[in-house]
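Here TrEMBL flags 101-123, 129-147, 176-199, 256-274, 294-317, 358-378, 439-456, 462-481, 493-524 as transmembrane segment. According to TrEMBL, the domain 'SLC26A/SulP transporter' annotation covers 103-493. Annotated domain 'STAS' per TrEMBL: 545-627, in sequence order.
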Amino acid sequence: MKTQIHTQLGAPPHDGSYDNEALSCSTIDITAPNSGEPHGGLRGSNEFILSDSGKKVTGDDQTGQLNMWLQRKARSAFSEKMIKKRLPILRWLPQYNSTDAIGDLVAGITVGLTVIPQALAYAGIAGLPAAYGLYGSFLGCIVYIVFGSCKDVPMGPTAIASLLTFQTAGGNVGKAILLCFLSGVVELLMGLLGLGFLVDFVSGPVSSGFTSAVSLIIVTSQVKDVLGISAKGTTFIEIWRNIFNDIHNVQVWDTFLGLTCIAVLLIMRIIAGLKVGPADDELKSKNHRIINKLMWLIGTSRNAILVVVCGAIGYSFQSSAVAPFKLIGDIPPGLPSLKAPPFSLTANETMSGTEESFMEMVSSLGSGLIVVPLIALMENIAICKAFSNGKPVDATQELIAIGLANIANSFVQGFPGTGSLSRSAVNNASGVRTPLGNIYTMALVVLSLLFFTPYFSYIPKASLAAVIIAAVVFMVEVKVVKPMWRTKKSDLIPGLGTFIACLALPLEMGILFGVGLNVVFILYHAARPKISVERLTSPGGAEYLIITPDRCLIFPSVDYVRNLVTKQSIRQSLPVVIDCSHVYGADFTAATVIDSITQDFARRDQPLFFYNLKPSVCAIFEGLSPADFVVYYREEHLDDLLKQRAYKPKEVISA
């Protein structure tokens, strides 16, 4: 028979407090000695909200609470603090000085020398003409200056975003531009709705596995240009199969140039990190500093230097009937026209030769409309965290910034982009002070489009492939395996699973598999909480068994906990105390199991008590009115409870 639970409340005391109702969940009341007050005088705070007008809004007044929430949101949306939060430029521009200007100028030009060859190369990864990489590298920079919250982020095409664009749009220019627009819209909506937390569902091992797999796929996609053959494909296995099928058409000069360029880039990368002179910077002479700065500048600008030299080599063969290696071809001179992204395709713009409406285009983009924005956010947040120096990162603001930047890029025929980790490292090392460094990067891209595009057509494809391989190969995160093995070996499973899945399957399926595998691990740990079992003696000399779960009681774990409690209680034949100090949450399934456990103990006439149960959890268990449900909050009350039960230990039953 279930015991009716009562809560007796008189007039509230003058201090505004009240008897904690959670303490009344227990069917046995404990009165502290010499106090005369129930539950030892433990009290809770008054349960009402004081509105701005001074009126009390109780928990039952849902309309009043809704009105207050709307008023708070309306006030905060137009407050000075919120405006500066959503327009970060208003925070740093008033304090902008000449030192900031010099730092931004040097960093912006240095990054510009890096972004131009990378943009040309990344367009090839996306399956688009080289010019479209430059189109997506200037207007978004201006937008990020206004809305971006991280000074180190240079907005533009990235290797991962380019590969996702190719897998989603299939090399169709119109679909790639529409993908840029729709990705920006999705990112902007996610930012306005505060959905930046979604990136938290991608754990570190899954992110490392994804990044490493993408790096290998990108390297694989460029092997064909180094070898001078044609080998298309979207997955790692498919690309390598096509490479081996066409291996007999390898071009000697392309291969020689590509391998030489890779070696030169790796050597120049090493040069950038070399230092001459004493180890202590204060002891270095002026000449030492000049030489070190020059070596760093040469190493940092290695991509631009290599592309210029290879372009000059390609230009020297213009009078020849046939160049010894493949060139990227003509690039339209001038800036792209400002126009809306295509919302339909003509028959000439599709591979099938039939017209496609807007809905058909969106349908063909499929899951890329979600995957591309999420991966762009992951890349951008990774950069912000890497250079934040411990400051909090506003994922919502970054979503708004890259969303607006991608929308702007789509109006100048750009494909999806985000912050680049490699260019951000260059930006930071160059001494960037504010996001205004993006304007100098943009200026270099615009100048190259206006005056240098005729010369870009002489750049060999093998040299651009070398630029990508030399940059992306270091994105394979081998270094995380050792610390992951030392800390928690099981984390290698979702990381390795994601890595293999992304190589074998399309990227969106691979990342989904990794996240799903990680969720399975989380659920397994939730279903198997760690439980300590101790045999203790109360202050009054009574022996009892205390069982302490280390986490909340929810549906995956309650049966496991019940079986352990039942097994130990029968084996020990002692009063049982379940220490709920770490149980911060529960659900209906847990409540039904607790009800069943209390009935089992009552049938065996074996005392069961719950110690330090949280009020919110107690309220959940109370919903089923379990029989003999006893809660206490002070250790000295245990002897009183045992006396009231007049419990006499039975003979111990062996397991």
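Yeah, the Cβs are placed from backbone N, Cα and C, and that goes for glycine too.
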Between 176-199, 358-378, 439-456, 462-481, 493-524, who has the most Cβ pairs under 8 Å to the transmembrane segment (294-317)? 462-481
Within the same chain, where does the transmembrane segment (439-456) have neighbours whose Cβ lies under 8 angstroms from its own Cβ atoms, ignoring anything closer than 6 residues to its ends? I mean 6 or more beyond. 104-105, 107-109, 111-113, 115-116, 119-120, 130-131, 134, 137-139, 141-142, 145, 154, 156, 311, 315, 328, 331-336
What residues in the same chain, six or more past the boundaries of the transmembrane segment (462-481), come closer than 8 Å to it by Cβ-Cβ distance? 117-118, 120-122, 124-125, 130, 159, 204-205, 208, 211-212, 214-216, 218-219, 222-223, 225-226, 228, 254-255, 257-259, 261-262, 265-266, 269, 303, 306-307, 310-311, 325-326, 328, 421-422, 492, 495
Same chain, outside the transmembrane segment (493-524) by at least 6, Cβ under 8 Å from its Cβ: which residues? 163-164, 167, 201-203, 205-206, 208-210, 212-214, 216-217, 234-237, 367-368, 371, 375, 480, 484, 556
Residues of the parent chain within Cβ reach of the transmembrane segment (358-378), under 8 Å, 6 or more residues beyond its termini: 160-161, 164-165, 167-170, 174-175, 178-179, 182-183, 186-187, 190, 196, 198-199, 202, 207, 210, 342-345, 395, 398-399, 402-403, 406, 416-418, 507-508, 511
Secondary structure split (DSSP) over the domain 'STAS' (545-627) reads 39 helix, 15 strand, 29 coil
